[in-house]
Amino acid sequence: MGILGLSKLIADLAPQAIRESEMKHFFGRKVAIDASMCLYQFLIAVRSEGAQLATVNGDPTSHLMGMFYRTIRLLDNGIKPVYVFDGKPPDLKSGELAKRAERREEAEKALKAATDAGDDAEIEKFNRRLVRVTKEHAREAKELLSLMGVPYVDAPCEAEAQCAALVKAGKVYATATEDMDALTFGSTKLLRYLTYSEARKMPVKEFSYDKLLEGLEVNNREFIDLCILLGCDYCESIKGIGPKRAIELINNYRDIETILDNLDTSKYTVPENWNYKVARELFIEPEVADASAIDLKWTEPDEEGLVKFLCGDRQFSEERVRNGAKKLFKSKHAQTQVRLDSFFKTLPSTPNAVNAAKRKAEEAKKSANNKKAKTSGGAARGRRPK
């Protein structure tokens, strides 16, 4: 699910935090990619085109086709991907997973009704809703990546949290996922649409964590509380509070505890035994592998291994697989050009650095308001101190 309404809220209140670019803009960058999100995209994309690639036994192979050719495209554009796979979900996610199971059951019933009625459009719609990434899909994708010479990481828990840890440790430039909670986990850069197909012509949308904090006028802890109010995977949200009201409450009261002390409970219903504190801690201290100890290596592709893995039962064209392997080899040896900014060391962002920048911006804003008040004869309207 990610964070409900966060993307639009940032676009409305902190547009300077979003930049749209072509893929080639990220030449020379290392990027941590949410593998499960990619595999899901690949599985549903082929369905939407009216075909399901499969082995001779009927097992789907569209996830492998997508992973193979999309990864080659990234490397062709000078991007060095590292795929991060989900581990076990946190206990707090059990409620969200139960809701997904209910929606899946409803989709199965709707699919049966559509099939009985012969409604092709509805059949396709509910078939897509029933697509899910399995452990076998992930296992096959890892084997493929190893043969391609592309690194992957097994996260102990949530992939987005592990991606964010890699970014904060300076191992990669950004997290690539469609789930906005990568920002809540503290990824300083988030890339959306990076793994979309070229045919969709979607520019890559880059979110800057520091700029969104500045635009929303919050620090990192307040941003986490905002995301919990908006709606996340780990606890319920307060009914009746939408994005606009959520940011107003955070700007006025700065944390959920103070919001609850001042909330009009005749208007808003707070969930019983609300686990927002545990959800907050999960975002602050997620279960991740030590990013500083992770060694990312891009190696030579195994052409014969790729042919053996993808052809035969999986029915990939040997000619196309060998051409793909040649592109992998070429990209591995062609990246001699470097980004100018790679000559300068960029220190990872810290909460103190973000808060210092925020204080500086507030002081400048306050100074400007005071000058305006003196010239107009009126009083400047201040904000509640943090």
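Cβ coordinates come from backbone N, Cα and C, glycine included.
As recorded in Swiss-Prot:
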REGION    1-104  region 'N-domain'
BINDING   Asp34, Asp86, Glu158, Glu160  Mg(2+) 1 binding site
BINDING   Arg47, Arg70, Glu158, Gly231, Asp233  DNA binding site
REGION    122-253  region 'I-domain'
BINDING   Asp179, Asp181, Asp233  Mg(2+) 2 binding site
REGION    336-344  region 'Interaction with PCNA'
REGION    354-386  region 'Disordered'
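Shown here: features listed in Swiss-Prot, placed on the structure.
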| residue | record | Cβ contacts under 8 Å, 6 or more apart |
| --- | --- | --- |
| Asp34 | Mg(2+) 1 binding site | Val84, Ala159, Glu160, Cys163, Thr175, Ala176, Thr177, Glu178, Asp179, Ala182 |
| Arg70 | DNA binding site | Cys38, Phe42, Thr195, Ser197 |
| Asp86 | Mg(2+) 1 binding site | Ala35, Ser36, Ala138, Ala155, Cys157, Glu158, Ala159 |
| Asp181 | Mg(2+) 2 binding site | Gly2, Ile3, Glu160, Cys227, Cys232, Asp233, Phe283 |
Lowest local Cβ density (other Cβ within 10 Å) among binding-site residues: Glu158, Glu160, Asp179: Asp179
Cβ neighbour count within 10 Å of Gly231 (DNA binding site): 20
Residues within 8 Å of the Asp34, Asp86, Glu158, Glu160 Cβ centre (excluding the Mg(2+) 1 site residues themselves): Ser36, Met37, Val84, Ala155, Ala159, Ala161, Gln162, Cys163, Thr177, Asp179, Ala182
Mean per-residue pLDDT computed across the region 'N-domain' (1-104): 87
